[in-house]
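Asker: The UDP-N-acetyl-alpha-D-glucosamine binding site annotation in Swiss-Prot covers 8-11, Lys22, Gln73, 78-79, 100-102, Gly137, Glu151, Asn166, Asn224, Arg330, Lys348, Tyr363, Asn374. The Mg(2+) binding site annotation in Swiss-Prot covers Asp102, Asn224 and rests on sequence analysis. The region 'Linker' feature in Swiss-Prot is assigned to 227-247. Residues or ranges marked as region 'N-acetyltransferase' in Swiss-Prot (evidence: sequence analysis): 248-452. The active site, proton acceptor annotation in Swiss-Prot covers His360. Under the heading acetyl-CoA binding site, Swiss-Prot lists Ala377, Asn383, Tyr384, Ser402, Ala420, Arg437, citing sequence analysis as support.
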Amino acid sequence: MNFSAVILAAGKGTRMYSNKPKVLHTLAGKPMAKHVIDTCEGLGAKNIHLVYGHGGDQMQAELGQERVTWVLQAEQLGTGHAVNQASPEFSDDEKVLILYGDVPLISTATVENLLDAQPTGGIALLTVVLDNPMGYGRIIRRNGPVIAIVEQKDATEEQKLIKEINTGVMVATGGDLKRWLAALKNENAQGEYYLTDIIAAAHDEGRAVEAVHPVSPIEVEGVNDRAQLARLERAYQAAQAQKLLEQGVMLRDPSRFDLRGSLQCGMDIEIDVNVIIEGNVTLGDNVVIGAGCVLKDCEIDDNTIIRPYSVIEGATVGEKCTVGPFTRLRPGAELCNDAHVGNFVEVKNVRLGEGSKANHLTYLGDAEIGKRVNVGAGVITCNYDGANKFKTIIGDDVFVGSDSQLIAPVTIGNGATIGAGSTVTKDVAENELMISRAKERRIEHWQRPTKK
């Protein structure tokens, strides 16, 4: 579809009581403006013009990688003035879609309907009917067709009774829009250039104005304060949870589940309460996720159990694995099939072989660990000397006793045994027992120190 988009994002957001621009506050882990940008990109917008004002440096630092044209509105003189800053970029014959960076939930379906509804030479306008329209511009109709929009502060008492309100989202042709914007005046209670005045201008020219309703009213709710943002967050999460339930995912309590990215699921998935999904997560068949887990950018294969309060980021977990409770898998962690990682174990940049176990109180970093290895409680791969990192290599069928330190770089051969409490600084051969302990010393009739 041949259209360009303008996203208005210049507002300061005073009621957020924040040092950053309002549209950078996140919903589902993503800046509100990014939600709107993604909607435009999903529909194939030819150009996306982002109109910014306050906090320009922060805006570009956060959204600088996006495919947008940056348009500065140095003075905030109204919505019409804001769109007009981008108007030199409009092609005369293209559709121009106007959206808002603080209205993050607008859907592709609603935008498609709006684009399709634009009459030739006219305007398609997104409206909604509210029980309490206080604060919004009212839609003025004459015998059916829309003829104008009147803002709350300029409305008569009779007009204030109207419940159909303007969302601000609209579509017009670029050439017409440029002409109407250039003719705007600021003769109103706010002293601003209202975008909504182009509706009356179009009507005066005999152009049709087509009103379209959103798929869901929540889509057009804006954010002015943190309470409104929290409300939209819950609405968004409820919708995501409902989709997963309909796809066969068992959410034990849909109201206590947060999806802040994308989730690909197999069959018979079970997710307990207070689980957070971030980035891109893939779950195979029959995966169970315990309460309080955080999963980010990870893949978990079939028949694996993630026990409560585990944090998994940038990791790959094979089939029939058990993780947790209270496990941390960091980027580069790879658990092969039937591996087990237990409570208070941290794993980073490690391949843990098939059937291997590290069940208690262990740090494994920068290591290659073979099959059927048993890593005892309190084992540490000492991978960092204060300047550089080094690798530990452990062969198949190795037993590493509790409270051992493996000082990298070091290699432990297949079938070797490391006695509990050992510090390993040199390579250990296959099937070798390595043990290093200080000689025990005993003092009879020992007297403990007493307080003075």
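The backbone N, Cα and C atoms fix where each Cβ goes, and this holds for glycine too.
Can you tell me where each of these features sits in this structure?
Answerer: Spatially close to Gly11 (UDP-N-acetyl-alpha-D-glucosamine binding site) yet at least six residues away along the chain are Pro21, Lys22, Val23, Gly53, His54, Gln76, Asp102, judged by Cβ distances under 8 angstroms.
All protein chains considered, the CB of Asn224 (Mg(2+) binding site) has 15 other CB atoms within 10 Å.
A Cβ distance under 8 Å defines the sequence-distant neighbours of the region 'Linker' (227-247), meaning residues of its chain 6+ beyond its ends; these are 16, 25, 27-28, 32, 104-105, 218, 221, 254-255, 257-259, 263, 265.
On the 0 to 100 pLDDT scale, the model's mean across the region 'N-acetyltransferase' (248-452) is 98.
A simple way to gauge crowding: the CB of His360 (active site, proton acceptor) has 16 other CB atoms within 10 angstroms, across all the protein chains here.
A coil conformation is recorded for Ser402 (acetyl-CoA binding site) in the three-state DSSP classification, outside any helix or strand.
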Asker: So for Asn383 (acetyl-CoA binding site), how many other CB atoms are inside 10 Å of its CB?
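Answerer: There are 22 such Cβ atoms around Asn383 (acetyl-CoA binding site).
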Asker: Which of the three DSSP-derived classes (helix, strand, coil) applies to Ala377 (acetyl-CoA binding site)?
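Answerer: DSSP call for Ala377 (acetyl-CoA binding site): coil, neither helix nor strand.
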Asker: Please list, in sequence order, the residues in the chain of Arg330 (UDP-N-acetyl-alpha-D-glucosamine binding site) that are at least six apart in sequence and whose C-beta is under 8 Å away from its C-beta.
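Answerer: Glu313, Gly314, Ala315, Glu346, Val347, Lys348, Asn349 - these are the non-local Cβ neighbours of Arg330 (UDP-N-acetyl-alpha-D-glucosamine binding site), listed in sequence order.
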Asker: Quiz question: given the binding-site residues Asp102, Glu151, which has the greatest number of C-beta atoms lying within 10 angstroms of its own C-beta?
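Answerer: Its Cβ has the most other Cβ atoms within 10 Å: Asp102.
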Asker: C-alpha of Ala420 (acetyl-CoA binding site) to C-alpha of Asn374 (UDP-N-acetyl-alpha-D-glucosamine binding site): distance in Å?
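Answerer: Here the two Cα atoms are 12 Å apart.
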Asker: Taking DSSP three-state, what's Tyr384 (acetyl-CoA binding site) in: helix, strand or coil?
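Answerer: Note: Tyr384 (acetyl-CoA binding site) is in a strand by DSSP.
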Asker: List the Cα distance (Å, whole number) between Arg437 (acetyl-CoA binding site) and Gly101 (UDP-N-acetyl-alpha-D-glucosamine binding site).
Answerer: 64
